[in-house]
């Protein structure tokens, strides 16, 4: 399953401070959408509002609408727990649960909400998810070893396996390669390319080549200055953003003439 | 030439390093030395008890018969205290670290710390003069309705000064230790893993079970062991609250005694063999505490691979 996301007039606040201003954007299903922009421009904050993970931060709140195939994530009676089980997230630093084995890490999301799963179903789900994350061949002989014993890149793919094991509609990735070496980065980028056959993928990245390599559409965020809110400057096909951007600031940023 | 360039520059001696490593070594050695001295004192002073004829020991049937009931009494009181204090302490700590609004959490944390600062004699006085009399009626009820369970066999104490009351007072004393130590551990649980759990669609309680409690496991055990240490060794509160007697199964009748209270109550008038006996009882208490700590260490180490430290 994959679903499209329609965001209209979204504002994000930390207490009184407006961190993101008036973002409207449509993210297509079964595609990879990249958010780029300088540090502090609100792209990670905005990403978190797509599965209500910003609510973990004290004082953070949102105004506006985020529709997942027409259902407002911020509607009355919507449970953030349900939202997050349908919109998965991969973080900047790989974060497999250190107290769980590789196998239990993959099953962590599936076993939530007291759902039960038979051993054979669990085995096939673990294999399918790890294969989906291109990790199966590397770990199939040590599924009962702790996930924290893997390399950084393997841990990140384990986190992706954990996210896809619950078959979400959307996968959000917050700079998933920034803590990884180039080879592991390549492995993740290949994986992102495969993931878009089944999922809607949204990725925040500081690496513009990465955005150019993996994404179908790119959104450029920017801030006018410190203390000002982040804004969506331009959103278009990735080729357009990098070769023929409509805005001067986009061109400056992607060509490295920024600031 | 190059070696002289890389030689230590004058005036930048390692005095600080030397002082610090010396101080750390000294402190470590001091702890071992004090522990050793205490153990040695206990063993030497206890020896006459073991060589004395059985008939001369209190009770007239040898040291083991004398010590066994109060060892069990000590363990009963400490067990009651931990059974009550551990779940409540952990719940209080979790409430402060993960549920309460920030302002309330700060106030509550302060109150818990304050609870730990109350002297034990005050707890003892409170237990003896207030709690015991409050518990008379519940004990009566237990004896009438649950009397078929040996633990609650009647007749209930008419003063309420029973081993159960002592255990409850000990629980109140141990609670702040467990609560404040585990709170610190819970607050240190990595945000990274808590967010991972939430992003998978975990509720707050599921997040705590996945990312906070496993992380805090070693810390919880250490906190409980520290609490147990206090419960085992607590003297004044038990001495004031418990009207002691021989070992009995019922928790709601007068009876039972703990090692620490036995020593405290009898030591001032003890001389000769009786004093050696009490010191031997102290040695037994020391060994119990040592064993408990070793078991705790072993439990913590058993799961090292999955502790997240690697």
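Cβ atoms are placed via backbone N, Cα and C, with glycine included.
Keep in mind that TrEMBL annotations are predicted by a computer and have not been checked by a curator.
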Out of B:20-43, B:236-259, let me know the one TrEMBL marks transmembrane segment.
B:20-43
Give the range, chosen from B:141-162, B:207-228, that TrEMBL lists as transmembrane segment.
B:207-228
Same-chain residue ranges lying at least 6 outside the transmembrane segment (B:163-186) that approach it to Cβ under 8 Å:
73, 76-86, 88-90, 92-94, 96-98, 109, 112-113, 115-116, 120, 123-124, 126-127, 131-132, 135, 139, 212, 215-216, 219-220, 222-224, 226-228, 230-231, 234, 237-238, 241-242, 251-252, 255-256, 258
Any residues 6+ beyond the ends of the transmembrane segment (B:207-228) with a Cβ under 8 Å from its own?
78, 81-82, 85-86, 89-90, 94, 97-98, 174-175, 177-178, 181-182, 184-186, 188-190, 193-194, 196-198, 292-293, 296, 299-300, 303, 306-308
The transmembrane segment (B:63-96) in contact with the transmembrane segment (B:20-43), cutoff 8 A, at least 3 CB pairs, sep 6+:
no
